[in-house]
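Peer 1: Got a structure for you, questions after.
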């Protein structure tokens, strides 16, 4: 990667007299090129807007005026996104950490305590065994075990999840000493046993214990209930008897279960275990629960009562640790007196396992999770990505210079817990702060904790923290710190994107909009950087316009772009090649492949005419008070046939989805348009006037090839549903008929 090979002089962070380096930072080598190219490209955009304005002014018919206006609006949106993208290219940096130097400046006994938050919501979409692997991987960190507390939030209130963690707490007594004794890197059991085939008696025994636990958990999940035969101790039976009624009601009280206590529980080698606490907050229909942000705030309060560690790690339920030294890397910044006072969090990139060779659904998100974040890091720091993030607890309580005091002293970030976590008073307080009404008339979600008002609570929370004066740091080590799972069906991938789009628009059109509030609070560059994400769904305007308008015009023999022989054509060519060329360069220099870059740009188009469109519509319907939306958990369940097709790089349709209808409509219109253009060329019509529209149609046809396969040739269960194909064909025909009247 270029970031690891180029750059200027390192800025060395030091401590204790400047003798020990904990981290360095270097600017990327292509920064100067980015700035020069941005200047040239900006003048080209202005020239294009001038061309549209001139054409609009001299329009003689309503049709030409309308077409030019549509193109002008689309290109203005594209110009906005291009300008906001340049903020990531102005000061991108790469950082390196030296965790081995920590021991030179502090004793392990002086390391701060660490609270880990893991959220899950549905045992059938987020299999408990996957959540268990995530928890076990961080419980086994190369960090003082007695200082680690893992809190699992189960917003589904499922006895199945609690049972899985009861089993995990027993397996952990074998797994943790095994990892540390053998210096295991993959401390997720599932990952370790998939990648390693050690034949030692110890490894074989550990695998047998793990498989036994896994079978029990999966059998219980299959049955949908926990039977007496699954309960192996009086303690487990007591816990289930106590909470059985809670788990059978849709409106249920809080369930808090201490599964491991660091002051009491030991592993098989006689060493202390980390704390492991299961939390299912109280929920009822009458009180808003604010989705994942509400669950995280409940964990923030419960952990404050029980352990109140100064450092908090947030993880998705499938984000397993891939490097036991990760908290030490975070401590290189959180433990540095020069960076700590204004440092809210250290963000690690989201990296995923199991992505197929060509990454057909752009699950890697290299731009979102790496390229853009390095650009953010050169300004005031990266945005919060929702997982793999180490926070200072203090950052959830107001600005660096002004503490937002909670309503009770036990929730203050500097509160010292001096009672056992299983004491009656501590557990009573923990139940109190997870009640549905606890947050009423308080600052939780507005000035304290994770912020409410958006389905994208991670984006909103990080943005608001930076507006308060906090900084952040992006930590991207050579060995990925965490590995997550990706959607393996197109429907899941698009629904995830739709949910993100809605959540981002909620921030973009709120009083905390990055375009207004953000620019004032954190400056123009950071405001624009955040604004690009907030208005992400507006990509649908130019993408949808260019997916249909030039094609319908071509079908009606109306040519709306300059001829190849005209000077303005070369402006279009430069803008297209320049944008795609720089995007390609960014992607490749960030370690991407040509094949994955093609998938990245193709999926950008797919999102633009599906999830972005439907996300925008749903948001504005809610904004106008016409309808509401909820939070749909992305399924982590793997179907064998779907997994096989995904591994082969075959798109998965298979279900009737409105988003597939718009995709199919665009594919049909573009294919017919391109075919019509070829017919016109064969008839001897001048290609010069047709070329740009034919190129756009041809480009779309190439990108739509998986759709044509799914409609016409495939016989597997992942093919396009016949109902979707028929509806899309009828709508495409209706759209063409309407265009004939428009272009008359």
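Quick reminder: no glycine exception, Cβ is built from N, Cα and C everywhere.
Predicted automatically and left uncurated, TrEMBL annotations should be read as such.
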Peer 1: When TrEMBL marks a stretch as transmembrane segment, which of 57-83, 84-110 is it?
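Peer 2: TrEMBL lists transmembrane segment for residues 57-83.
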Peer 1: Tell me which range among 12-31, 32-51 TrEMBL lists as transmembrane segment.
Peer 2: 32-51
Peer 1: For residue 125 (UDP-alpha-D-glucose binding site) and residue 316 (Mn(2+) binding site), determine the Cα separation and express it in whole Å.
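Peer 2: About 13 Å separate the Cα atoms of these two residues.
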Peer 1: For a quick check of understanding: among the binding-site residues 125, 292, which residue's Cβ has the most other Cβ atoms within 10 Å?
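Peer 2: Answer by Cβ density within 10 Å: 292.
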Peer 1: Who are the long-range neighbours of the transmembrane segment (521-549) in its own chain, taking Cβ under 8 Å and residues 6 or more past its ends?
Peer 2: 67, 70-71, 73-75, 77-78, 80-81, 83-85, 87-88, 90, 372, 375-376, 379-380, 383, 459, 463, 466-467, 500-502, 504-505, 507-508, 513-515, 560, 604-605, 607-609, 612-613, 615-616, 619, 666, 669-670, 696, 700, 735
Peer 1: Do any residues at least six apart in sequence from residue 316 (Mn(2+) binding site), in the same chain, have a Cβ closer than 8 Å to its Cβ, and if so which, in order?
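Peer 2: Counting only residues 6 or more apart in sequence, the Cβ neighbours of residue 316 (Mn(2+) binding site) under 8 Å are 118, 119, 134, 386, 387, 484.
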Peer 1: Pop the Cα-Cα gap between residue 155 (UDP-alpha-D-glucose binding site) and residue 292 (Mn(2+) binding site) into the table, whole Å please.
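Peer 2: Just about 8 Å between their Cα atoms.
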Peer 1: Whole-number Å distance between the CA of residue 126 (UDP-alpha-D-glucose binding site) and the CA of residue 458 (active site)?
Peer 2: 19
Peer 1: When you measure from the Cβ of residue 155 (UDP-alpha-D-glucose binding site), how many other Cβ atoms are you left with inside 10 Å?
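Peer 2: The answer is 22.
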Peer 1: Does residue 458 (active site) have same-chain partners at least 6 apart in sequence with Cβ under 8 Å from its own Cβ, and which are they?
Peer 2: 383, 384, 385, 386, 387
